[in-house]
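J.: The feature ATP binding site is assigned by TrEMBL to A:K7, A:Y8, A:G9, A:G10, A:T173, A:D174, A:Y179, A:R184, A:K209, A:V210. According to TrEMBL, the feature substrate binding site maps to A:T47, A:E74. Annotated domain 'ACT' per TrEMBL: A:274-353, A:355-423, in sequence order.
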There are 2 protein chains.
Amino acid sequence: MALIVHKYGGTSMGSIERIQNVARRVAKWHAAGHKVVVVPSAMSGETNRLLGLAREISAQADPRELDMIAATGEQVSVGLLAIALKSIGTDAVSYAGWQVPVRTDRAYTKARILSIDDAKVRADLDARRVVIITGFQGIDDLGNITTLGRGGSDTSAVAVAAALGADECLIYTDVDGVYTTDPRVVPEARRLEKVTFEEMLEMASLGSKVLQIRSVEFAGKYKVKTRVLSSLTPPDLPLGIEASSGTLITFEEDENMEQAVISGIAFNRDEAKITVTKVPDRPGIAFQILGPVAEANIDVDMIIQNQSVDGMTDFSFTVHRNEYQRAMDVLNNKVKPAINAGDVIGDPKIAKVSVVGIGMRSHVGLASLMFRTLSEEGINIQMISTSEIKISVVIEDKYMELAVRALHKAFGLDQSGDVPAVA
Amino acid sequence: MALIVHKYGGTSMGSIERIQNVARRVAKWHAAGHKVVVVPSAMSGETNRLLGLAREISAQADPRELDMIAATGEQVSVGLLAIALKSIGTDAVSYAGWQVPVRTDRAYTKARILSIDDAKVRADLDARRVVIITGFQGIDDLGNITTLGRGGSDTSAVAVAAALGADECLIYTDVDGVYTTDPRVVPEARRLEKVTFEEMLEMASLGSKVLQIRSVEFAGKYKVKTRVLSSLTPPDLPLGIEASSGTLITFEEDENMEQAVISGIAFNRDEAKITVTKVPDRPGIAFQILGPVAEANIDVDMIIQNQSVDGMTDFSFTVHRNEYQRAMDVLNNKVKPAINAGDVIGDPKIAKVSVVGIGMRSHVGLASLMFRTLSEEGINIQMISTSEIKISVVIEDKYMELAVRALHKAFGLDQSGDVPAVA
């Protein structure tokens, strides 16, 4: 019998009926003899409602107080799920993060988990109780409630699984696994039975919304066997079928039986591109440009600096589209005069498309296949950035879907696809 | 400068605008140099909404889990109020009951406060912060969240005031004080500037809903100077006027400057009357009747047993109207056959009307004035019960308002009233 952690998102917990379905699913695993820990999110919409109340009062609300308010959403969820489990004869107990306790740093609204005490949870599991722990939150060394930021319940679940040495962490969600790309864009997209932790990390960081990126980091760091699977199947689906459904995130390359060179195509329209022109090419110039941007708490993603011509270069980078205007202001008002640069040119109408795959390590020619495919579709590449297992390009946003479909086919990811024509 | 505890009910916290008004009022007291602790309730309707979710799942929900869920309402309130105070420049910090901590017994959904740790609160007050503490809840020795039951925020506020040795506990509510009776029934009802703790206790226990009865007990036990006042006055009402408004609950009779014999007329329609007829008059018979009722968790209020005739007597008592049918079933099925009594006669259409006053201790003839007044209105008295400072009668419910108005006038409580014609 195994120790299993289940995580359910806000949609799965979105109504009393759905909570009762979650209870039936959890009870099925418990009845099969497994020790089960459940980490649910707040009911869908609840976190937004709570933070909306706070924002009505103040746009600059104290983060500690925001966490005090936001943490209540999950506390209601765990209580309701415990009641639902007990009402169908499965013993259960709920804990808020501070009761376990889940210890975090003091970074309110975006705290990081430091440690999880497993004594209480183990005692309950040994007494054959289902243990339900609030996602998204913990307690800092001052005794204040903290939250982990949006999507933090995924991280909570993986962290709990790591602390307990769970056999598997099942992330139940409204999709039935990780796909080669978004099936809404490419109908031929295939579900991956397995994906490596590193590929998942790139996919998550590139905007594939299946799992919060920090949860993937956690899974990798502590080697937590994590499975993404559907919460929309019937709760009484036979356990053997459910246990092997979805997508398993693995940690060893040889476990990756599909042996695909490329696992998926990730994409997003969340970014904007900014170019500072006529930058004097001297030591420290990157810091002089990006320092003030970082000070303004704006995250920078891709960064490109070309070979200089005549001691001048153009310096480009991307930021989240929500922070585009603020970044432009910082650059025009602070950076440009300070370094005596040329114009600052911005473009929010871009998309980032990436091919991701652990096989890149051992295969060459993938970049040229990518560039050739885009070229054949008449799509101009504006920026390129690569890592060991991904290649990202920035293109005009209106070509995004076209690019994704073409690349999905070219890399042989279609369900009917041929083996890709690479070495 | 004084240490003052403010308590605000759900209506006062019922919207963002109202929370902002509470913040302005609290800030006014803080700006005057006082140390201020605030105990707010959940936003109106919130506790019902939360418990409604739980009830949708199960009518017999685990009380520990109900407390886990219900306690979140106040946690949201304290966070919002802290944000509202900070947004107008008044430093503030919020605490859930478990953070203070407010220690209680393990009686989930109706816990009692055992102790309150004041160290953290005092440190914040010394740092000139307003401290906001969730009403209605605490933590037991197992680390579980407990709630105090409906109206528990009044008790929390008074208990916090007692623990801190506060100079005064101000209960802000939607009425502007304690009245001689309900102004909706008797327009001539007067607000009392002062009322003794014992009178308040009788009024509360007799159905006057201004303060939860346990909060009055707490105020009495720890001699907490408590004032009931309106939260509907403008938040910027001059502090001197606000501080002397409402009704002060006092602990020494000589403080009661009004020197009234009777302080008020309390009444309710919450009870039902039950009579077990032809009861053999022998030792232990009261226990044989009321034992099974108590076992069924039904509270009994007034109890009357008359002198027996021919070794038989009639035994009457009242129960809450919600428990009338259950009580009748217990009596007919268990008690009647066991003691070989006559018929069990029930009547839910009754009202209880009481005159309350500390002056009863030193005045005679009050009972006869009460009975004469009711007689002159043609109202038949069905049951009578007395304590040191109150006389209660049970009458047919349709006469309730008439009885209250007549007694209010007869005892000289009308605003234009004469001194009552008693010794």
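The backbone N, Cα and C atoms fix where each Cβ goes, glycine too.
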J.: Average the per-residue pLDDT over the domain 'ACT' (A:355-423) and send me the rounded value.
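T.: Taking every residue in the domain 'ACT' (A:355-423) and averaging pLDDT yields 83.
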J.: Looking only at C-alpha atoms, tell me how far A:K7 (ATP binding site) is from A:T47 (substrate binding site), rounded to the nearest Å.
T.: 17
J.: About how far apart, in whole Å, are the alpha carbons (Cα) of A:T47 (substrate binding site) and A:G9 (ATP binding site)?
T.: 12
J.: Which whole number of Å gives the largest C-alpha distance between any two of A:K7, A:Y8, A:G9, A:G10, A:T173, A:D174, A:Y179, A:R184, A:K209, A:V210, the residues noted as binding ATP?
T.: 25
J.: Could you say whether, by DSSP, A:K209 (ATP binding site) belongs to a helix, a strand or a coil region?
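T.: Coil, per DSSP.
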J.: Within 10 Å of the Cβ of A:K7 (ATP binding site), how many other Cβ atoms are there?
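T.: If we count other Cβ atoms within 10 Å of A:K7 (ATP binding site), we arrive at 30.
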J.: Can you grab the distance from A:G9 (ATP binding site) over to A:E74 (substrate binding site)? Cα atoms, rounded to a whole Å.
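T.: With the alpha carbons as reference points, the distance is 10 Å.
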J.: Provide the number of Cβ atoms within 10 Å of the Cβ of A:K209 (ATP binding site), excluding the reference atom itself.
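T.: A count of 12.
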J.: Between A:T173 (ATP binding site) and A:E74 (substrate binding site), how far is it from one CA atom to the other, in Å?
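T.: Cα to Cα, A:T173 (ATP binding site) and A:E74 (substrate binding site) are separated by 16 Å.
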J.: Provide the number of Cβ atoms within 10 Å of the Cβ of A:T47 (substrate binding site), excluding the reference atom itself.
T.: 23
J.: Looking at Cβ-Cβ distances, which residues of the chain lie under 8 angstroms from A:Y179 (ATP binding site) while being 6 or more apart from it?
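T.: When sequence neighbours closer than 6 are ignored, A:Y179 (ATP binding site) has A:A189, A:R190, A:R191, A:L192, A:G264 within Cβ distance under 8 Å.
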